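Residues annotated as region 'Disordered' in TrEMBL: 29-51. Residues annotated as domain 'Yip1' in TrEMBL: 112-253. According to TrEMBL, the feature transmembrane segment maps to 127-145, 151-171, 183-203, 209-227, 239-256.
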């Protein structure tokens with residue numbers, strides 16, 4: 001038994017003493033002090049507002065609105081008033097200068113040479129109707145087997161320049177290029193009727209020649225009537241009708257031959 005107790009004592013014997021245990025307690029306390037000092041340093045850090053710019057602090061302090069109810073500044077009110085201004089803008093066709101009522105009145109004035117022309121309407125630089133009538137003339141000539149789009153636009157441009165120079169020499173107030181092009185283009189409508197009839201039957205004969213002469217007189221009479229009413233050139237209609245007849249005679253030659 002003594003040998004066994006001696007063996008047991010030797011087996012559990014170690015070098016750990018009470019002094020080592022106290023040192024362990026002291027080291028544990030130092031670790032706690034170190035953690036506490038770190039926490040105190042973390043608690044002594046300056047607040048996050050110290051790094052924020054003063055503009056953000058002022059905006060956050062001056063906000064007096066509620067959630068989902070923002071306050072309105074003069075800038076936002078100006079933007080809202082600008083957005084409401086879109087409802088007061090004129091329609092797109094009016095901004096482009098396209099007035100279907102005036103186009104219809106000009107067309108009726110051309111179709112009826114005896115009807116007096118309204119000078120305030122005819123003095124507009126409206127090119128919507130002339131462009132449509134030029135395309136219609138070229139299309140009807142194309143249906144008759146004649147590709148003359150270049151001739152139509154070329155003679156129209158040269159004729160507008162010549163008539164502009166002539167009317168400025170004859171009238172006191174003068175006239176613009178757009179007004180001359182508009183009047184000559186609208187008065188091209190009877191020539192479209194002549195080119196449409198060329199699709200159905202041939203104009204190279206006496207009936208065709210008489211019809212072409214009638215259409216030339218119709219176009220020149222309408223154009224001279226509109227020019228005299230728009231420019232106040234009373235008593236000079238025949239002087240204006242002569243160069244207009246020469247211009248529309250060229251279109252008639254394209255249509256007949």
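Cβ atoms are placed via backbone N, Cα and C, with glycine included.
Just so you know, TrEMBL annotations never went through curation; they're auto-generated.
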Residues in the domain 'Yip1' (112-253) grouped by DSSP into helix, strand and remaining coil: 107 helix, 0 strand, 35 coil
Non-local residues, at least 6 beyond the ends, that sit with Cβ under 8 Å of the transmembrane segment (209-227): 109-110, 113, 116-117, 122, 167, 175, 183-184, 186-188, 190-191, 193-194, 197, 203, 233, 237-238, 240-242, 244-245, 248-249, 252, 255-256
Spatial neighbours of the transmembrane segment (239-256) far in sequence, C-beta under 8 Å, 6+ residues away: 137, 141, 146, 148, 151-152, 155, 159, 162-163, 166-167, 170, 184, 187-188, 191, 194-195, 198, 203-204, 208-209, 212-213, 215-217, 219-221, 223-224, 227-228, 233
Spatial neighbours of the transmembrane segment (127-145) far in sequence, C-beta under 8 Å, 6+ residues away: 98, 103, 106-107, 152-153, 156, 178, 181-182, 184-186, 188-189, 191-192, 195-196, 198-199, 251, 254-255
